[in-house]
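If you look up Swiss-Prot, you'll see Arg23, Glu79, Lys118, Lys450 marked as (6S)-5-formyl-5,6,7,8-tetrahydrofolate binding site. The K(+) binding site annotation in Swiss-Prot covers Asn224, Thr243, Ile245, Thr248 and rests on sequence analysis. Annotated GTP binding site per Swiss-Prot: 224-229, 243-249, 268-271, in sequence order, evidence recorded as sequence analysis. Per Swiss-Prot, the feature Mg(2+) binding site maps to Ser228, Thr249; the stated evidence is sequence analysis. The domain 'TrmE-type G' annotation in Swiss-Prot covers 214-374.
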Amino acid sequence: MYTKDTIVAIATPQGNGGIGIIRISGIDALEIAEKLTKKQLKPRYATFCNVYNDNEIIDHGIVIFFKAPLSYTGEDVVEIQAHGNPFILNLIIKAALNCGARIAKAGEFTERAFLNNKLDLAQAEAVADIINASSEIAAKSAAKSLQGDFSKEINNLLEKLIYLRMYVEASIDFPEEEINFLEDQKIHSSLEEIYKVILAIKNSCKQGVILAEGITLILVGKPNAGKSSLLNALAGKESAIVTSIAGTTRDIVKEHIQINGVPMHIIDTAGLRNSDDIIESEGIKRAIKKIQEADQVLFVTDDYTNSQVKFSDIKEIIPEFYDQIPKDIDITYVHNKIDLLKEVPHNHANHIYISAENNIGIDKLKEHILNKVGYTNQNESIYTARERHVTAINNAFEHIKLAKEQLELGNGELLAEELLIVQEYLNSITGEFSSDDLLGEIFSSFCIGK
């Protein structure tokens with residue numbers, strides 16, 4: 001068991017509330033709690049009592065003792081449920097510090113749970129994901145990962161992979177056998193099965209990252225093309241000021257919405273043009289910077305002299321900014337104000353025709369946005385995933401393809417080597433093999449009381 005010193009932190013959000021919870025974990029948790037309460041605490045019993053600093057009553061509330069290893073961290077844990085006043089909670093924290101505890105680092109309770117094998121790394125990350133989920137679907141997906149569904153799938157895959165690798169290595173270790181193990185159909189079928197499972201997990205992880213992190217959309221275009229109207233139409237409310245005056249939006253305007261349960265971070269930017277206005281020029285600089293950070297760019301135009309606008313044509317529309325826009329960025333051309341046209345062109349490829357002011361074509365645009373990122377609404381098979389999970393799975397997928405190539409070539413040693421590499425990438429997801437730097441980066445993103 002992982003045992004160090006004893007840590008303490010407030011486990012509930014900042015601010016006033018009906019209840020505030022203080023969590024203590026470590027080898028001296030019970031001793032400290034009994035000093036604070038002047039009570040003998042029984043495991044898994046809720047004890048109503050006063051909380052003291054020396055002999056001075058700070059508050060009264062409910063105290064619960066969880067004896068190791070039957071606790072969140074796997075250590076002795078005490079939770080004090082007091083009144084949710086920050087001043088009172090901080091007084092209790094100070095009293096605990098005086099008794100020998102120290103303030104917990106961000107994510108340290110969950111880190112201790114991981115180190116004590118109460119959960120694996122993917123489950124630990126799911127704790128943060130379920131706290132930060134910004135949609136119902138994201139919360140449900142995070143809950144599945146927290147329950148271990150994602151880890152079970154990875155572990156089942158690892159079991160098959162390890163068995164196959166052992167079988168392949170046996171064929172290398174016993175070359176005197178007359179049987180050519182590499183021609184055994186069992187190896188071919190097992191490798192193909194593993195390949196298909198990794199591919200399925202790869203697709204599921206991609207969906208999971210979208211749910212966990214959302215999609216960042218940037219609205220760009222010339223002034224008065226209708227970017228702010230489009231932001232309001234997508235958000236379903238008046239988030240940005242809309243006027244007929246070009247250059248109204250001078251700074252970044254952000255809105256967070258959901259499309260079919262997928263979090264969307266929409267950013268409206270200043271219209272791209274040369275301007276002598278210092279404030280507007282600064283807004284335009286920020287717009288260019290945001291374009292480089294986007295998952296998708298919605299280029300809004302009301303110029304119908306060229307309804308087949310392509311990326312190269314942006315040089316004609318905004319020539320002064322053409323060189324500053326990444327050439328490989330995913331751009332959708334949103335042709336606005338179609339209510340002013342006698343005949344409306346059909347949507348095609350990356351060209352969507354709308355009227356933001358009259359809410360025409362907005363649903364088609366939303367559908368297009370989801371299709372562009374490859375999101376499919378298959379909730380049952382989606383787990384909340386991190387970018388590092390996707391990277392690990394993508395790498396595993398590339399090496400399982402190389403393993404198939406080596407099998408076809410009859411290279412047993414290289415096949416075994418590729419299978420080992422795949423195993424290492426999969427192990428990194430659940431934390432079977434993880435560097436201290438990676439663990440520090442993951443747990444530092446948690447809130448203090450978790």
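These residue numbers are counts, starting from 1, taken along the chain as shown.
Positions of Cβ are set from backbone N, Cα and C atoms, glycine also.
Bear in mind that the values here come from a model prediction, so they are computed numbers and not experimental data.
When averaged over the domain 'TrmE-type G' (214-374), pLDDT in the model lands at 72. Between the alpha carbons (Cα) of Ser228 (Mg(2+) binding site) and Arg23 ((6S)-5-formyl-5,6,7,8-tetrahydrofolate binding site) lies a span of roughly 46 Å. Straight-line distance linking the Cα atoms of Lys118 ((6S)-5-formyl-5,6,7,8-tetrahydrofolate binding site) and Lys227 (GTP binding site), rounded to a whole number, equals 49 Å. Each of the binding-site residues Arg23, Lys118, Lys227 was scored by the number of other CB atoms within 10 A of its CB, and the lowest score belongs to Lys118. Recorded residues Lys227 (GTP binding site) and Arg23 ((6S)-5-formyl-5,6,7,8-tetrahydrofolate binding site) have their alpha carbons 48 Å apart, per Cα-Cα distance. Each of the binding-site residues Asn224, Ser228 was scored by the other Cβ atoms within 10 Å of its Cβ; the lowest score goes to Asn224. Listed in sequence order, Ala11, Ile21, Ile22, Arg23, Ile24, Val63, Ile64, Phe66 are the same-chain residues at least 6 apart in sequence whose CB falls under 8 Å from the CB of Glu79 ((6S)-5-formyl-5,6,7,8-tetrahydrofolate binding site). According to DSSP, Ser228 (Mg(2+) binding site) is assigned to a helical segment.
For the recorded site, Arg23 ((6S)-5-formyl-5,6,7,8-tetrahydrofolate binding site), the DSSP three-state label reads strand.
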